[in-house]
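S.K.: Before anything else, here's the structure in question.
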Amino acid sequence: MSSQLWLLFLSFLLFHPLLHPCLPLSSAHPLDPLTAAEISTIRRVIQSSHLGASKSLAFHYVGLDEPDKPDVLAWAQSGTRGRRQRRRAFVVAPLRRGDARDRRRRHRRLRRLRPGLSRFRTLEELEAAAALPLNYTPFVESARRRGVALSDVVCSTFTAGWFGEAGRGRRRLKLLCFVAGETANFYMRPMEGITVVVDLDEMRIIGYRDRVVVPVPKAEGTDYRAAKQRPPFAPETKPGVVVQPAGKGFRIDGHVIRWSNWDFHLSYDARAGLVVSLASVYDAEKGARRRVLYRGYVSEVFVPYMDPAEEWYFRTFFDAGEYGFGLWASPLEPMTDCPANAEFMDGYYAAQDGEPVKLPNVFCVFERYSGDAAWRHTELGIPKQMISEVRQEVSLVVRMVGALGNYDYVTDWEFKTSGSIKVGVSLTGILEVKGTPYTHTDQITTDVHGSLLAENTIAVYHDHFVTYYLDLDIDGLNNTFIKSKLKTARVADSSGVPRRSYWTVTREAANMEADAHVEIGSVPAELLVVNPNKKTKMGNHVGYRLIANGVPVASLLSDDDYPQMRASYGKKQVWVTPYNKSEKWAAGLYVDNSRGDDNLAAWSQRNRAIKNVDIVVWHTVGFHHIPYQEDFPLMPMLSSGFELRPSNFFESNPLIRLRSTKQTHLPNCTLIPPKPPQMPALRRAMAAAAVGAGVGLAISIALEPGACASGRGRKAGSEASPVWATLSLVKSLPPKIIVEPRSGTKFPSVVDGGRRLLGVGHLRGTALRRAINLRTTAAATVGASLESADAPWSQTCVASPITLNTGTRKTSFLGPNDFDGYAFGVYADESDVKRLRKKYSTFSVSELKGNKELIADLLDQDLRMTISLQIVNRGLSIGYLRDTFAKVVGNELQKYGGSNNKELLQRFTSIFTDEHKLLRNSIFDLSREPGYILRIRINGKEMGKMESNLICKPLLDLYVGKNAYDKQALQDIQSTLASILQERSD
């Protein structure tokens, strides 16, 4: 069968009664993203049709087929809200030519793509491709030549691009490999000189070259994890919190967010990520909401590297079109990625088999109190008076982080009470480096295309071009693009003043697309979008202006270079086109292997009229990245962005009528001293109460008699004793997450209301190198262990994570050795474990570690425990899992119950019915409940339960008993148990 692919364009009614009569029509917002139920419906409909018979069918993109704009605006502006809406899905799926030929005759939406042109890759096929070199003999020999152990190798996938090849019909990518070993920062240790070419359709290596052997950079100094850092440490900053005494000022209604004078819709898309729609601002003077932005999102991220070497020339990535900017979104960490006052929203995408996958915490929404003034003025010009007025700056931020390989992109949309929208993008993460024999810059005599940052390590020059799609509807549908140019004018000699020159403004309205190709900074100018049909009372056209933040950057590649052909729009930072529903992606709908003939620059060559029509502004924020040593081993944030700012939109400054925020004064209390009074019982009680109540952060304060009431501290020499207490600043804080650093797997520190994380383990596999674990379990933050009565107060009352090392399980509990993609966490109910305190109160920590009797009690007693397994590589069939349990658990049962256990084992394995699925990112929980009841759940949904300690005990023994597979994880578990048992109960 030919490997040439056809593409299925499938657009159908999500709630068409002929397709699935049991589902009601949708009353959701017409721009809401697809729900998990809708994605499941799409999969079921396609697989039950004639298309489902194709073995090559795979789901590469499933998203909302955006409704026609007039229909959405009519829905938003009329009284039809709440009525049932027509919802359509857009599905992209490949079919091999043999599978597609007959189906094309019967399906009017099935089209053939130009050979080689395709959609972005799925996570599943990238993982499968990355595992190929480890079983490829030439690569194994290359690793041996470099003295690298295969167990330390991590391979990563890179799109091959297009470089003038004619008629290429195969989907290819290239692999480059790295060495992890002693560090998680494998990107800093490339196996330079090796290139692997993979045919994705056949999933096999079709090209291999080991061109040159250079030293692999050493691991020392590359690890960025906090636990791996050693003195000397940098000076620390003091902790800070956000307090909102009156609660949050915004409201989330489904996907509609309302805050202050702003109202907008927020949705998730696997390609674009964060999408803002229907943004309108309230005008207090007019008493009405006025439209500003119909739709805005990241359209493309182009990242070309500047090294023409054989292993580097093709590294010209289109992160949105080839990989999916939203597909690689990272779950946001509470208290670090987003502040304590943030709320989080989830997203869903379709896996390769069409099943919905949840992206938890894909967005956060929070109010920002920057400490800045929105406006201020102090007037001293009036005799004997000083007038001072200040308004605090408060804004609303919507955030997403796209973690695409080595780089993390933090994208913010910030809405201001002034009517402005600030859009920011910040880069952080790890540089792409090449191995080199050089160890000092004095040795370099030629262009090495980068900066020497460490021994044998050159960080290659590169660019980042982030292109935004901005469908502005300034106070209405039809708008005009204006360039207000600043030019120098001479003062007439007859004026009678000594001035010689001044500058003035000439305004040019763009009539055609060619008039609106702007290279920012080439001439001084302000760029505006105005509504030519509406004016202020003073006669000015209402509008918004585009203000670029930072130095404007454009592509420096030559026009005949193939990457530049594909990203030909990169020579200008601003383009303006007439609205066209099909023109959404700056590099084209299908980017992989694209030729540049279906992108923003190509569309604009038609030179269509753009005056007083519905227009779209495309703005590119760019970075020329010259690496410096401060970027090693992981770079700090590098930020840029732009602002959409009202320009004659309001009759006057809208903030003048914004009433000043009431200031809340917290008690004037003394901060934490180094050593508080010896009150261990009270201290522990308050800390336990804070944690037990779900308080996210408990801060210790000294309440001095009379101090808080009077607002003054205690007088010098006073003998009054301080009263110690805790101040709860944040209620119901989101869970603290413990990250297994090698796979990125995330485990909550507490689950099921009080089961504490004792330790984690991880089966390491090369396919995990770019996988993002997208599932977490809801939990509360756990408090720190209380070590001794003399410990500083901050150690006893401030919530902190449990410090754990990670273990590696390399045997076959969940399958044979070729299955290498799961991690596990072991939890125990803290109150149950503390019941053992009386028995072990005289034992030291060292005596408790490895104590066989303690482990036996853990296995035998009726303690509530959970083993949580997270699938981070490929999925498993339930039948395969059932057979594996029959073998592994059956063998363990013989140790505890003898040979007469077939009926018990059968009862256990019968729980694993074929209706359940274990997909990648699934969470599989085995929990022992009171009464020795084993409860089994997948993704929080109960599969079944049974009462039998003979089943519970061997399952737990695999992880916490003497037969535990992961010895390092077992040591962590024993250490945590010892810590809990040593906590004083007074």
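Backbone N, Cα and C define each Cβ position, glycine as well.
Not measured: the values here are computed from a predicted model.
TrEMBL lists D319 with the feature active site, proton acceptor. The active site, schiff-base intermediate with substrate annotation in TrEMBL covers Y407. Sequence annotations record features per position, and here TrEMBL assigns domain 'Copper amine oxidase N2-terminal' to 29-93. TrEMBL lists 122-216 with the feature domain 'Copper amine oxidase N3-terminal'. The domain 'Copper amine oxidase catalytic' annotation in TrEMBL covers 242-655. Among the features that TrEMBL reports, domain 'Chalcone isomerase' is placed at 804-969. Residues annotated as 2',4',5'-topaquinone in TrEMBL: Y407. Summarising the annotation, TrEMBL assigns signal peptide to 1-28.
How buried are these features, and what lies next to them?
M.R.: Counting only same-chain residues at least 6 apart in sequence, those with a Cβ under 8 Å from the Cβ of Y407 (active site, schiff-base intermediate with substrate) are V303, L427, T428, G429, I430, H464.
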S.K.: Quick check on the domain 'Copper amine oxidase N3-terminal' (122-216): DSSP residue counts for helix, strand, coil, in that order please.
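M.R.: For the domain 'Copper amine oxidase N3-terminal' (122-216), the helix, strand and coil counts are 27 helix, 29 strand, 39 coil.
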S.K.: If one looks at the chain holding D319 (active site, proton acceptor), which residues at least 6 apart in sequence have a CB under 8 angstroms from its CB?
M.R.: E300, V301, F302, V303, F325, W328, G402, L404
S.K.: Across the domain 'Copper amine oxidase N2-terminal' (29-93), what are the DSSP residue counts per state (helix, strand, coil)?
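M.R.: DSSP composition of the domain 'Copper amine oxidase N2-terminal' (29-93): 26 helix, 11 strand, 28 coil.
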